[in-house]
Amino acid sequence: MREVLKQDESFDAAIARFVGENVTYYQTRFKQIFSGQKRPRPNFAALLLGPIWAAARGMFGLFVVLALIEVSLGLAITGVASGGLGKAELVQSQQLQARSDSRRDQALKAQAAGDANAPDLLRSADSLAKAAQQAKTSADQQQRLASLVISLCGAALVIFRVLFSLSADSFYAKRFEKWRSNRQISSGSNIIRAVLALLVVTAVFFLSLGKVNPELPPDWLAAISKQAEQFSATKDFAVLVTKSLDELFSAITRAGGPFFDAITLSITSIVNAVEYALNLMPWPAVVVVIVGIALLLSGHVVATFTALGLIYLVAFGFWTQSLATIALLGTATFLALCIGLPLGIACGKNQSIYRAIRPVLDLMQTMPAFVYLIPIIAFFGTGKTPGILATIVFGMPPVARLTALGLQQVPENVKEASAAFGATPWQLLFKVEVPLAMPSIMAGVNQTILMCLSMVVIASLIGAGGLGEDVLQALQYASVGQGILAGTAILFCAIILDRIVQGRRTS
Amino acid sequence: MMNASIQRDIAVACAGVWKVFGNEASAALDAIQRHDLNKDEVLAKFGCVVAVRDVSFEIKRGEILCIMGLSGSGKSTLVRHINRLIDPTSGKILIDGEDIGALDSRKLRHLRGTTFGMVFQNFALLPHHTVRDNVAFGLELLGVDKLPRWERAQSIIDQIGLKGWEDRYPSELSGGMCQRVGIARAMAVDPSILLMDEPFSALDPLIRRDLQTLFADMSRSLNKTTLFITHDLEEAFRLGDRIAIMKDGQIVQIGTAAQIVSNPADDYVADFVSGISRLQFLKAAHVMEPLDEGTTPTTINRERALVFNYNSTLDELVNVAARGQDTIFIEDEAGMIVGRVTKQNLLSAIKEHR
């Protein structure tokens, strides 16, 4: 605070305070840069030290970029110079030659013994010798290339360093501009930072040497690298945790059996009831009812579209499957909204609840469905209920999130006015906050419906049935046509459901 | 101690109200009261902001009190204490003699819904309600049925000049109309106290003047006790029966316009009112010269001389003088001639006070 207030110091004094050392040099340079002088001049400290200079001056981002480039080039040069290039081919060629020689010995012995396979052995030895010769040529070629690579990389290193030293003052001037408004930014030149940077660069360089040429690093360093690689390759720890997780879940399955059965029963009965109701009438009657609802709720455009979509479903023989899908996803969406809306309201009203819930919502959306399908199958078996539960897990977060967001965006002054007129917390919620958050909430409902529908295929994997099954079959037999038709049917179901639920909001 | 009859005349009373914002508010308040810290010291030591600093005032029934202050002076925070949208850190607020700090949340909501009407600078209308439903919002919250509340809203809408706009939404209205809706909404519950938080600050000057007139007429005819917050000194002088000038959370002076202009409490107030023409507050008593020694009141021929009461405004005196009257005699309440005003007196008063 006090640092910022002290801004009346002169320009020269500010630069002096910022650079710490070499004050006069930077004062002239900064003035040249800020007055638009384009002609670059090399900064000798930067030319000499490169990334170390950047680190000493506190520009760590610049240091990382510079160090990465220069260390990579340096490693390449070292590796090539120590004969790393073509080394693998040379070794291969020697091995091949050895095998060819031994084969030839066998062949000669066989010949001497009058064996029938002697010519075969001889031919094999010849081809091995040929391969060895090819590898040798390739190695020679690469070794001849080595000098070229070294000179190119060396030139790149030098040019890069020179270019950097030419622009170093400009980078530093930019830094000075930032520092003027934010005095927290490190200033001056610091030997400790330089030493640390040097240590980092050296360590990275030597630890990476083994990768460019296995013969280069000393034995102890090679041993360390080997240990590190072995550690990352062992899975003992993972196996241990996996086992205990398995045990935990089977324990839950055993202990919660009646509980899970009750959930399965109640959800299955809801879905079956919905499906039964949908199947009660012949398809023309259902089409008329749905189009009628669309007309009432969402106007003639949506109704027309709905009619076309339904006729598509009938015409391509997806009717029964579609009803099953609608029953399944209708139930899933309904349950997702029943959980998501109150959750979203709680999150919108209370920041600490939101902070606690948010990672869970993130997890539900990012965790691949197949991962939570496994415990769900363990708990609930296969069929419709686990399909619905998996769908809820994936579909519920958007409506909770967008409801919370909508509530948070209700203007503070409107809430205050409501309080000033004596609104109770419930009145505030249902007469002010929810109506004002409605657009956001409806966007959440839309997202939830679409997310739920995107789960049909995965749900049908565990026997939930419906249109997803057609897609799955198409996948198994690689039949493109059937896949496209079934996929389109899912799309129509989704759009019809969503447009009817959204109502006339857009008009 | 005030007696019961005076107490009944006091609608709003604030006694020693402090408001400190921050996590360590009470500790900070304690330190302020004990060591008399200023606000920078409080911010540095406790990270707390002192918004209201030991404010006490009273508003009589039917009176309009204007609180005038620049932004950041704590006036908007203060007005929110009156209906306890903000709880004071210390101090008491009495509404009709009742301490509202002691009310439970149900009683407080009832008081807010029935006794107070509040108008906001940024209107704070409900965008999903029509004008009619916005005006009826307070009644809706009180649980009044639709038909009676619509009837009540309609009568207010007619009074405030929004007839024909009842079924429009706030987004279709201009700023001036929105604030009419805001005022109508505050009046609809027929509150006894109006809280106006810079209601006209966001409006352009012409509309502001219209609404000031409309508000002044309504407020006086309906006899509402009003606390009116403004940063506009002219608005305060135009509307307020009394004016309180606030600075850094404190009330530096409270009084009538004439008292403040003729006798500013400190340099800050003096500086504030220096731009205001004092002529409108000058009374005959201020400009007259006492009668000469020896000229007793009885020697003046009351038939031929022009006599004015000593509370007459400068305007009246100038009007008479302009018609050619050289000397105007001034009498006191008892009818005794106590002085006279010549054209010279008038001119020098104008020169001195303009």
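Just so you know, glycine gets a Cβ as well, placed from its N, Cα and C.
Transmembrane segment is the annotation TrEMBL gives to one range among A:145-169, A:370-394, and that range is A:145-169. Nonlocal intrachain contacts for the transmembrane segment (A:190-210), taken as residues 6+ away from its ends with a CB within less than 8 angstroms of a stretch CB, comprise 49, 51-56, 58, 63, 67, 71, 74-75, 78-79, 216-217, 221-222, 225. Within its own chain, the transmembrane segment (A:448-468) is flanked in space by residues 318, 321-322, 324-325, 328-329, 332-333, 336-337, 340, 369-370, 373, 376-377, 382-384, 386-388, 390-392, 394-396, 398-399, 486, 489-490, 493-494, 497-498, 501, which lie at least six positions past its ends and keep a Cβ under 8 Å from the stretch. Remote same-chain partners of the transmembrane segment (A:285-318), defined as residues 6 or more beyond its termini with a Cβ less than 8 Å from a stretch Cβ, comprise 278, 467, 470, 485-486, 488-489, 492-493, 495-496, 499-500, 502-504, 507.
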